[in-house]
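Okay, so here's the structure we're looking at.
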Amino acid sequence: MQKKNLITAALPYVNNIPHLGNLVQVLSADAFARYSRMMGIETLYVCGTDEYGTATETKALIEKTTPEELCNKYHAIHKSIYEWFNIKFDIFGRTTNKYHKETVQDLFLKLDKNGYITEKENEQFFCQQDQMFLADRYVTGECPNCGNNTKGDQCENCSNLLVTNELLNPRCIICKNIPIIKKTKHLYIDLPKIKNELEHWIQQIDQNTNWNINAIKITNAFLRDGLKERTITRDLKWGIPVPKKEYENKVFYVWFDAPIGYISITKEIIKDWESWWKNNEDTNLIQFIGKDNILFHTIMFPSIELGSQENWTMLNKLASSEYLNYENLKFSKSAGTGIFGNDVITTEIPSDVWRFYIYYNRPEKADFQFMWDDFMERINSELIGNFSNLINRVLTFYKKFFGDKIDKIELNENFWQIVNIKYERTINFFKQIELKAALKEILDISRIGNKIFQDKEPWKTKNSTPQTTKELLLNLIYLIRDLSILISPFMPHTSDRIRSFFGKSYEISNKFLGTNLGLTTIQSTEVLFTKLEKQLIDSLKLKYSGRTNMQDEKNKNSINLFSEQICLKTVKIKTIDRNPDAEKLFILKLDDGTPEGKQIVSSIADHYTEEELIGKHIIIVDNLKPAKFRGIRSEGMLIATKDENKNFKIIIVEDFKDNPIPGERVILESDTGKELKSPTKISIDKFLQAQIVAENGELKINGINLILEHSKEKVLSKEIPNGKIY
């Protein structure tokens, strides 16, 4: 009997917006869960938000709200981001669910009854200013192991679990004062007492097969250093109350209650939850985590299960990943560095494209740097130039010259012998949770298809040997069906689109792989993806590069930069069309004072109708390098004001000047009377480095007004008086 797969992704803290690095675990677990279902394995994928503890309490203090309101806010944000990424949880719950308290307290009482809970008086930081004991994340200081600045629970730099009062140069995060040491009582889990059972369990697991190298190293090092009693209570209000006399005013430490959340969240949707969580014989527990969570899943959570002396389903496979970082910078919402889940949605780059790149570079054995230029290169060459190209060229060619009907043929033995070996390798990589290797194997299969199409030159043989050519193409069509199945764990929407080309006449199942089943007609075809343009990527790179990276060394003086390298002009909008491949993109034909005029493409359809803009005069960056958006050439960029609330308005010249003149330049007031330069073409990065702003309704650079060259009228932003110009 085949075992069931119980899959979890580390519960994300509900005190922030997830960035790309945070998404690695939920996406990895999603791909594995989809693979598991594809193989016909009974599968349950559980995740949810981790809502209790100091991280939530401290964030609520910062946002001046209650922990409950904060959790409601960020749970909704997380849920919407994961939905956009098309992550197929069986349940995405919360540790504030109705079963969590009783589940945590029940496990604690069993540990206490079995003699695995101890009491200790210890010394803890106490803030005299705020008159409270400071739980670990209420204290910042220097890690005693590596010297990195950290909070008091775990060092993000060296991953060591910390004892809070060992921090060097500690400070209270609320008032920034130096705390004192004061005695208090806490409860501990007696890890040394569980050590023998824990080590016996670890020895039974084939770590070399089921855990990655880093997880093995970190766990073995922790065991080698000797297990110590670990505190499980905290002096907080927001948490699961401790059901023990004299401890009623304390709550459980979040590391103790959070892993139990996997169980309580499961209870929300499955009455017979024990068939998953108390069924070690028939269930594989597969957990996806970041490297900073390894010890909580290999030592702490298993110790709780073992200490309860019940038949809990124990960890089998552990898929821990390294960090995904950003352009050699640290993800920081406040500093504006890195791209976060809500930012990704606004890029208008499809979710499957993001999924592809994250899996392609999944940090399985080493940290990985997200780089915009590499993102563009991989998408354009691998996803589009290889994978999408095969599907488009084969289906359109077959449909054009051989019609819609797909004949059932005997498959070419030599071709499929090679391909089936690749299928076996792909499935094995999935099974071992080597997701990056699985994806690259799929891309290799696609390359084989492209090479055969290119080498056999069906465009030359379609008339001379039509049947042979048709059979060649049919073999490739069955290969495309298989690719749509294999790629589905990584790019489910793309898989569905390919299946729709065939009327969804087959299921996402490994049973179809390498067969001549499931295909009857080609109902439709379309291009799956469009290339990422450099202008878009450059603008996104700049947007998320952080305040300190907005200018390069050559152009620190934004006034000189504008005068010497930027040309703004007034233009009249003559016509507006919508891009047939992208409804949100307007194609604007402009009168710029020249006989040929100008054309720009702009994503403003969400903000304006055609009728509001036709006939109006606007200002454009006239010397921007031409670029293509969804295949349409754009020869400039209109300018607009955006404020801190993301309100957006185009600069309309009629707001401050009657009878504007198409082609009139916009200059700095300080350049009046000077000979103006005709600057060379520039990138959008260069324009943004000028840092034009709206101040009290007037456009300025470093306090100097922008004006129309001939009329000397000041350029105004009437509807949004204060903001940045983009």
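Including glycine, each Cβ sits where the backbone N, Cα and C put it.
Annotated features, as they stand in Swiss-Prot:
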{"type": "BINDING", "residues": "Cys143, Cys146, Cys155, Cys158", "note": "Zn(2+) binding site"}
{"type": "BINDING", "residues": "Lys333", "note": "ATP binding site"}
{"type": "DOMAIN", "residues": "562-667", "note": "domain 'tRNA-binding'"}
{"type": "MOTIF", "residues": "12-22", "note": "motif ''HIGH' region'"}
{"type": "MOTIF", "residues": "330-334", "note": "motif ''KMSKS' region'"}
Restricting to the chain of Cys158 (Zn(2+) binding site) and a gap of 6 or more, list residues whose Cβ falls under 8 Å of its Cβ, or answer none.
Cys143, Asn145, Cys146, Asn148
CB within-chain contacts under 8 A for Cys155 (Zn(2+) binding site), separation at least 6:
Cys143, Asn145, Cys146, Asn148, Leu162
Least buried of the binding-site residues Cys143, Cys146, going by other Cβ atoms within 10 Å?
Cys146
Please count the residues of the motif ''HIGH' region' (12-22) that DSSP assigns to helix (H, G, I), strand (E, B) and coil.
3 helix, 2 strand, 6 coil
